[in-house]
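Asks: So TrEMBL has the following annotated:
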- A:His60, A:His62, A:His140, A:Asp210: Zn(2+) 1 binding site (BINDING)
- A:Asp64, A:His65, A:Asp210, A:His268: Zn(2+) 2 binding site (BINDING)
- A:Asp64: active site, proton acceptor (ACT_SITE)
2 protein chains.
Amino acid sequence: MRLTILGCYAATPRTLTNPTAQVLEINGHIILIDCGEGTQVELRRRKIKFSRINHIFISHLHGDHFFGLPGLISTMRLLGREKELHVYGPKGIKEAITLLLKLGDSWTNYPLLFHELASKEPELVFEDKKISVTTIPLDHRIYTNGFLFKEKEGKRKLNIDAAQNYGIDKAYYQNIKNGKDITLDNGETILNKELTFDPPKPKSYAFCSDTVYDTNLSEQLKGVDVLYHESTFLESEAELATKTKHSTALQAAKIAKAANVKTLVLGHYSTRYKSIELFKEEATTIFSNVLLADDGRAFDF
Amino acid sequence: MRLTILGCYAATPRTLTNPTAQVLEINGHIILIDCGEGTQVELRRRKIKFSRINHIFISHLHGDHFFGLPGLISTMRLLGREKELHVYGPKGIKEAITLLLKLGDSWTNYPLLFHELASKEPELVFEDKKISVTTIPLDHRIYTNGFLFKEKEGKRKLNIDAAQNYGIDKAYYQNIKNGKDITLDNGETILNKELTFDPPKPKSYAFCSDTVYDTNLSEQLKGVDVLYHESTFLESEAELATKTKHSTALQAAKIAKAANVKTLVLGHYSTRYKSIELFKEEATTIFSNVLLADDGRAFDF
């Protein structure tokens with residue numbers, strides 16, 4: 001699982017800071033999460049092929065999280081895209097994008113499929129053999145969802161040494177990989193688990209931005225491997241955080257601790273602070289495994 | 001008069017090329033012309049204060065000419081703008097921007113005034129004591145206007161030597177600057193033109209992008225000081241230019257020659273060519289005074 005931060009600063013794009021957008025590579029999928037202005041340029045800068053992105057998840061309709069989407073959708077048309085693009089986001093996103101394309105007489109020549117979200121309860125919005133994606137309802141100034149991405153458990157791996165020890169012919173290896181038990185010539189049945197290794201433990205990633213500090217979140221986030229939780233402010237601006245429905249680094253750490261996640265990634269920083277290291281310092285006072293998102297930074301989990 | 005090119009490449013923003021946006025400083029006004037994605041970052045990079053921009057002119061509603069506008073308008077709100085912003089552009093622009101602001105519950109707290117254009121004839125869309133702005137109807141795939149910016153003639157300048165020679169008291173200098181004749185104590189009347197210099201000749205700038213080659217244009221462009229005419233292609237792609245309703249560098253030069261402009265600025269280049277110098281080479285075969293726009297380049301006229 002690889003997370004590439006295209007942008008992780010609050011509010012407006014600047015010469016040195018990009019608004020929110022990130023790419024999650026998970027079990028063969030390449031997923032774009034949020035799409036602030038300039039995202040298509042950052043995708044190019046990070047050499048991520050537009051054609052490999054089939055799913056885009058938009059948390060909410062503030063400009064710093066989706067004003068790059070019309071441009072990206074238009075560019076995909078210019079690049080000759082033919083396959084489906086799925087966009088998940090708050091109700092209204094379809095009307096907005098459709099209007100912009102209509103005004104430019106620039107309909108996509110690929111299927112552009114919107115999945116509009118309106119529920120205030122978590123809902124499964126995508127699932128295939130590899131992953132599932134569930135919304136994480138967040139409390140922000142407008143309707144907002146985080147997203148919980150979970151790998152599905154993979155197939156068990158063949159234990160070649162064990163198979164050879166039992167004298168099993170290679171012709172049966174595919175059956176073993178498919179989970180079948182094997183009956184030897186002598187009639188003895190060897191259970192599949194004797195012939196295979198456990199598959200890698202499925203990984204999970206939760207994206208939570210933008211949100212006020214909400215202790216209820218920890219329930220749905222219980223045990224996730226990686227939690228990206230916004231930390232627009234430090235505790236010195238805790239009041240401002242509450243007022244604008246954002247969180248502080250300390251609050252993000254409290255959520256991470258209560259949910260017992262493995263790794264906390266901080267981001268969505270206000271540009272008022274001298275250094276983003278201050279966010280890490282604050283969070284690590286109560287949760288040890290903290291990573292700092294930064295534009296262009298990639299993490300492998 | 002100063003023209004700063006923020007972006008001048010066709011189609012989509014890339015890591016090294018920006019879509020169309022330019023800033024015209026003319027007789028005290030700072031005007032933004034077109035606003036492709038990423039324009040707000042380029043404005044910051046060029047150190048042009050957002051607060052000095054009061055008028056934005058949008059040629060047409062293709063993404064590479066206006067997808068940066070919602071973000072710029074939102075940022076002006078975050079910066080605490082209070083004064084009016086005037087946006088001139090094709091019918092539909094108001095609905096699009098309004099919808100985006102509504103979805104984000106992000107109404108501007110400054111007056112945002114749209115002047116929607118629908119006429120296919122040139123019309124005067126802005127005028128004050130300093131400048132006038134007239135549309136230049138263009139023939140592109142969707143409804144498109146160029147814009148003709150003209151300085152108004154300034155006040156005549158006081159000729160101090162002449163005033164002193166006639167023994168005129170300084171108390172009358174303001175009257176002279178205001179264009180009045182002066183009657184001396186001996187009853188003799190000195191005409192204002194004897195006491196003043198001609199004001200600087202008013203300058204004019206015509207922005208024409210995007211457009212097919214249209215010989216009718218030269219009539220309205222007759223004698224302008226500076227013509228920015230799109231040159232998406234070279235003559236080798238003349239057919240493609242016609243089909244997509246764009247122009248070649250040679251065609252832009254033909255318009256410049258027919259209109260007898262002083263300077264031709266080329267831009268809106270397709271990124272298929274190795275060097276933009278090729279555009280200049282082609283245009284100068286029939287018109288000598290050719291400048292090449294490039295991102296970040298500024299011209300003083």
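Just so you know, the numbers here start at 1 and follow the chain as drawn.
Including glycine, each Cβ sits where the backbone N, Cα and C put it.
TrEMBL labels come from automatic prediction, so no person has curated them.
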Asks: Using C-alpha atoms, which one of the binding-site residues A:His60, A:His62, A:His140, A:Asp210 comes nearest to A:His268 (Zn(2+) 2 binding site)?
Replies: A:Asp210
Asks: Could you tell me which of the binding-site residues A:His65, A:His140, A:Asp210 sit with their CB under 8 A from some CB of chain B, listed in sequence order (or 'none')?
Replies: none
Asks: Specify all same-chain residues, apart from the site residues A:His60, A:His62, A:His140, A:Asp210, whose Cβ lies within 8 angstroms of the center of the Cβ atoms of the Zn(2+) 1 site, ordered by sequence.
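Replies: The surrounding set, listed in chain order, is A:Ser59, A:Leu61, A:His65, A:Leu138, A:Arg141, A:Ile142, A:Thr144, A:Ser209, A:Thr211, A:Lys245.
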Asks: Relative to the Cβ position of A:His268 (Zn(2+) 2 binding site), how many further Cβ atoms are located within 10 Å?
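Replies: The answer is 29.
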Asks: Give the sequence-ordered list of residues that share a chain with A:His65 (Zn(2+) 2 binding site), lie 6 or more positions from it, and have CB atoms under 8 Å from its CB.
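Replies: Correct list: A:Pro19, A:Thr20, A:Asp34, A:Cys35, A:Gly36, A:Ile58, A:Ser59, A:Ser209, A:Asp210.
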Asks: Please state whether DSSP places A:His60 (Zn(2+) 1 binding site) in a helix, a strand or coil.
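Replies: Once the DSSP labels are grouped into three classes, A:His60 (Zn(2+) 1 binding site) ends up as coil.
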Asks: Which one of the binding-site residues (A:His60, A:His62, A:His140) has its C-beta surrounded by the most other C-beta atoms within 10 angstroms?
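Replies: The residue with the densest Cβ neighbourhood is A:His60.
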Asks: Near the Zn(2+) 2 site, what residues other than A:Asp64, A:His65, A:Asp210, A:His268 in the same chain have a C-beta no further than 8 Å from the centroid of the listed C-beta atoms?
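Replies: Other same-chain residues with Cβ inside the cutoff are A:Ala10, A:Ala11, A:Pro19, A:Thr20, A:Asp34, A:Gly36, A:Ser59, A:His60, A:His62, A:Ser209, A:Glu230.
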Asks: Could you give the Cα-Cα distance between A:Asp64 (Zn(2+) 2 binding site) and A:His140 (Zn(2+) 1 binding site), in whole Å?
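Replies: Spelling it out, the Cα of A:Asp64 (Zn(2+) 2 binding site) and the Cα of A:His140 (Zn(2+) 1 binding site) are 14 Å apart.
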Asks: For A:Asp210 (Zn(2+) 1 binding site), just give me the three-state DSSP call.
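Replies: Note: A:Asp210 (Zn(2+) 1 binding site) is coil by DSSP, not helix or strand.
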